[in-house]
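> Feature annotation from TrEMBL assigns region 'Disordered' to 1-33, 378-409. If you look up TrEMBL, you'll see 15-25 marked as compositional bias 'Polar residues'. Feature annotation from TrEMBL assigns transmembrane segment to 61-79, 91-108, 207-232, 252-274. Annotated domain 'Palmitoyltransferase DHHC' per TrEMBL: 161-293, in sequence order. Annotated compositional bias 'Pro residues' per TrEMBL: 400-409, in sequence order.
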Amino acid sequence: MHLGAADPMRDCEYSQISTRSSTPMESPHKKRSARRKWQAFPGRNKFYCDGRIMMARQTGVFYLTLVLIVVTSGLFFAFDCPFLASSLTPAVPVIGGVLFLFVLGTLLRTSFSDPGVLPRATPDEAADLERQIDMANGSSSGGYRPPPRTKEVIINGQTVKLKYCFTCKIFRPPRASHCSLCDNCVERFDHHCPWVGNCVGRRNYRFFYMFILSLSFLTVFIFAFVITHVILRSHHSGGFLKALKDTAQLRSFTVDTVLEVVVCFFSVWSIVGLSGFHTYLISSNQTTNEDIKGSWSSKRGKDNYNPYSYGNIFTNCCAALCGPLPPSLIDRRGFIQPDTPQAPPPTNGITMYGSTQSQSHMAAATPLLQSEPVVMAADDPPLPARTSLGGPCATLPLGQPTPPPAPPT
């Protein structure tokens, strides 16, 4: 009776325990949402719109550039264009609007795009490169030898040095350089421009050149027609001083006109000069970095020449401005793949050397002694990266099953 009464209670307790244990427990580490690659980008850059927009971290000067262009053009369209359209021609605000939109579009295209950042070497690629460098240096002779900083290649008969980047762990291709502000190696690096808030390289140089060239036309256009506005207003009012005395025109004529003249006057010289300098660089197929360093200067010798020039100004301009736009080499919006769990080591005495989570290492790994038996003595220490077998082992040919023990008689 006593045991029979205890059985339902025991079953009830077991059922409660089994019910609680069957409830899935929450993991202490909550499942994180998939991260984009731009969120773990190693360079010093800012990303917006889920990685679609890429800029440098120092963007204060870029916003100053944007404000100057928008404010100056806005004053011109608000106060000068109505008078010029009625006094001269309606084409003035139309041409000014087209120039303004083109300048704004090329500025944003230059600032928001990837300039040609080279991806950094993965740990496996960096380790493989270090092994190649050690083999080339003959590391077996003893002592540490630092990796060489340069390699030499021949391009159109001219020797070009490829420098090793210790930050990105790569040998930079020709014309590439490492930007210290963005901490990236940029292909066909021209310069880092704070006015656009980005590096200028292979993928956005044409937009940068179109920006400064169109900005030169817009600055000259506004400056010329503001002066024209002053002359026409003075002529209609019977003189410049008399026009200034008109109280109704003081707000719409004096303040904005003086501001536009000052901004355009001090900007036009630098912008036009910069456009002329880059026109020279494009015609000779050079970069600002190469021109500053004097890489192809005749002072370095008679045999020193630019191997990238086509020998024709028109061809050089077409190659720089009209060639196909290369794709971005960095996958900014891709997802970071989680680390796959490592497979357990085999228990048949065969160990895969170099077996890691990397697919490249798994493909390169080979079994140890695939055609020979594994022999180990009891007093031998276990070999590194091998499965230690306790006790003496008999010689077993691989690929043959071990016979089962005989049943007891």
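Any Cβ shown, glycine's included, is placed from N, Cα and C.
Predicted automatically and left uncurated, TrEMBL annotations should be read as such.
Each of the listed features needs to be described in terms of its position in the shown structure.
Residues 55, 93, 96-97, 100, 103-104, 107, 111, 194-198, 215, 218, 222, 225-226, 252-253, 256-257, 259-260, 263-264, 267 of the same chain sit 6 or more residues outside the transmembrane segment (61-79) yet have a Cβ under 8 Å from a Cβ within it.
Sequence-distant contacts of the transmembrane segment (207-232) (same chain, at least 6 residues past either end, Cβ-Cβ under 8 Å): 69, 72-73, 76, 80, 83-84, 87-88, 92, 95-96, 99-100, 102-103, 106-107, 109-110, 113, 190, 193, 196, 200, 240, 257, 260-261, 264-265, 267-268, 271-272, 274-275, 278-279, 282, 320-321.
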> Mean pLDDT for the domain 'Palmitoyltransferase DHHC' (161-293), as a whole number?
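On average, pLDDT over the domain 'Palmitoyltransferase DHHC' (161-293) sits at 88.
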> Looking only at the domain 'Palmitoyltransferase DHHC' (161-293), what are its DSSP counts of helix, strand and coil residues?
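So the domain 'Palmitoyltransferase DHHC' (161-293) is made up of 83 helix, 19 strand, 31 coil.
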